[in-house]
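The structure's right below; bear with me while I get my questions together.
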Amino acid sequence: MLLEALDGDETVVFTAAAGSVQVQVEPVGRWFEAYVKRRNRNVSASFQELEEEEESSEESEDEEFQLEECSMLRTLDPKDWKNQDHYAVLGLPHLRYKATQKQIKAAHKAIVLKHHPDKRKAAGEQIVEGDNDYFTCITKAIEILSDPVKRRAFDSVDPTFDNAVPSKGEGKENFFEVFASVFERNARWSSKKHVPKLGTMESSFEEVDNFYSFWYNFDSWREFSYLDEEEKEKAECRDERRWIEKQNRASRAQRKKEEMNRIRTLVDTAYSCDPRIKKFKEEEKARKESEKKAKAEAKKREQEEKERARQAELEAARLAKEKEEEEAKQVAQQAKKEKEIQKKAIKKERQKLRTTCKNWNYFADNEADSVKMMEEVEKLCDRLELTSLQSLNEVLASGSKEDGKAAVENQVQEVNAQLQREREAEVQARQAARSAEQASGGGGAGGKGWNEEDLQLLIKAVNLFPAGTNARWEVIANYMNLHSNSGMKRTAKDVINKAKNLQRLDPLQKDEINKKAFEKFKKEHTSVAPSIDNAVPSERFDASGSDGNAAPWTTEEQKLLEQALKTYPVSTPERWEKIAAAVPGRSKKDCMKRYKELVEMVKAKKAAQEQVAAKSKK
């Protein structure tokens with residue numbers, strides 16, 4: 001331990017000081033008792049010291065307090081002791097709930113020495129016998145105030161306490177002066193010590209939030225048992241005592257509820273009038289606005305960065321595409337140039353071959369052989385490539401006529417052999433396609449027996465029932481079964497497979513089938529049966545229209561006919577003459593015959609659709 005330095009001297013440590021070490025100390029004796037009290041009350045040692053200082057200050061105040069004797073003491077009614085002010089009776093109206101037990105006992109002792117009946121009787125004063133003397137009020141006052149439970153009940157209904165709550169108008173004018181005293185006054189009911197203060201305009205947000213959190217969760221010890229109308233001790237039986245207790249509990253709970261509503265109203269009013277809350281809300285709003293603005297700006301910058309990156313990517317892609325297009329263009333130009341060069345070279349070699357063969361009369365002695373060889377030479381010009389043509393021309397230019405003839409004949413044989421191989425491959429491909437077609441058509445009758453009449457009927461049905469027709473392929477199959485003379489029953493699957501095979505046919509074969517179908521149609525509609533050569537024309541087909549136009553109807557003529565049929569209804573006199581006049585190039589007989597064909601086609605279409613609908617219902 002260092003010695004205390006004298007005045008003017010300095011204390012110097014010449015050796016290194018040891019580090020601080022935490023030592024566990026166990027309290028014993030009166031210190032252990034103090035420790036247990038602090039632990040049970042959850043307070044620190046410094047807080048206990050403050051309480052001890054407060055107790056010592058209270059003891060010092062006990063020694064200095066002065067009594068204020070009640071001027072109305074002698075006039076009090078002992079029977080109405082419950083409505084009296086006990087603190088005023090004992091001469092402690094200025095201390096009230098702050099008075100200590102020592103002060104209360106001292107005040108009682110002083111007032112008893114002065115107002116005791118024996119003292120007054122010895123002084124010659126007239127004394128009222130029994131409990132009717134005002135001294136009973138002093139006895140009741142000390143009885144209430146000396147008992148902690150009864151004193152708390154009386155303090156809860158202190159007649160001098162102001163329960164008023166300021167209005168919003170009063171609070172807005174001068175908030176801190178109005179509400180500070182109100183909260184300080186109501187803080188006496190708190191079960192917790194150290195009630196937070198209202199603070200000032202400069203208080204921080206944490207302090208204000210702590211203040212309102214405390215008061216919104218205010219725990220009051222105030223109770224109203226002192227105001228019980230009935231005393232259970234006066235009950236004559238147990239049932240009456242229970243009834244009194246029930247009534248008292250109900251009235252206490254009601255008053256407690258009203259008290260908590262009063263505190264809540266006080267806190268709500270203060271919160272709504274507090275200028276600091278308004279300031280905090282404005283600051284919070286400004287902060288949120290700034291955060292929102294910063295967030296929007298950050299998002300905008302991010303979008304701008306993305307847009308710049310996207311534009312850069314697009315620009316890079318555009319430049320790369322332009323570069324690729326330029327390279328492709330250059331490659332195409334180069335290929336075009338090479339192709340042109342090769343084309344010119346092939347043209348030159350072909351011309352050279354033709355000229356050489358022509359000069360040698362195509363290696364023939366007569367006109368027929370010359371023409372035949374000319375055809376073979378043209379075939380060589382069409383089939384041979386540039387290198388082959390160049391090699392052949394070199395042989396023709398360097399060799400004799402016989403050598404040239406042999407070389408040309410050799411090339412002709414190779415080209416003909418190549419053409420023969422190509423034809424054989426094409427025939428095999430067609431046979432394979434036909435075999436696949438038969439296999440896909442099924443093994444039943446639907447995959448066989450497609451003659452030219454059935455094919456023509458299928459093409460007609462496909463055109464008659466275009467795409468979009470309800471149950472199109474079933475309708476086409478029924479139409480063919482109604483109008484086919486082959487006796488084969490076709491299903492929708494057979495019709496679909498055959499239509500697909502027709503689509504895969506060579507265009508020349510399609511044209512041939514269509515041509516045959518048109519020729520058959522023309523033959524059926526232009527020829528007249530011999531059995532009716534001598535028949536008299538009916539009224540609808542008179543002799544005046546015997547010279548008809550056998551050409552197929554065009555789309556424009558069909559539209560004109562349909563419009564004329566709408567313009568001239570059945571009731572129109574000389575209807576068919578007017579219709580024929582509306583269709584240029586067509587006679588009355590042509591128009592009537594075409595109308596009959598259209599009616600038959602519509603009837604057949606409806607019948608096929610009705611059959612499909614009936615099958616689907618079944």
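The backbone N, Cα and C atoms fix where each Cβ goes, glycine too.
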So which range, 257-280, 425-448, 521-544, 545-568, gets flagged region 'Disordered' in TrEMBL?
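That would be 425-448, per the region 'Disordered' entry in TrEMBL.
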Please give the sequence-distant neighbours of the region 'Disordered' (282-310): residues at least 6 beyond its ends with Cβ less than 8 Å from one of its Cβ atoms.
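Tertiary neighbours of the region 'Disordered' (282-310) are none.
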By DSSP assignment, list the helix, strand and coil residue numbers for the domain 'J' (85-158), in that order.
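Tallying H, G and I as helix, E and B as strand, the rest coil: 52 helix, 0 strand, 22 coil.
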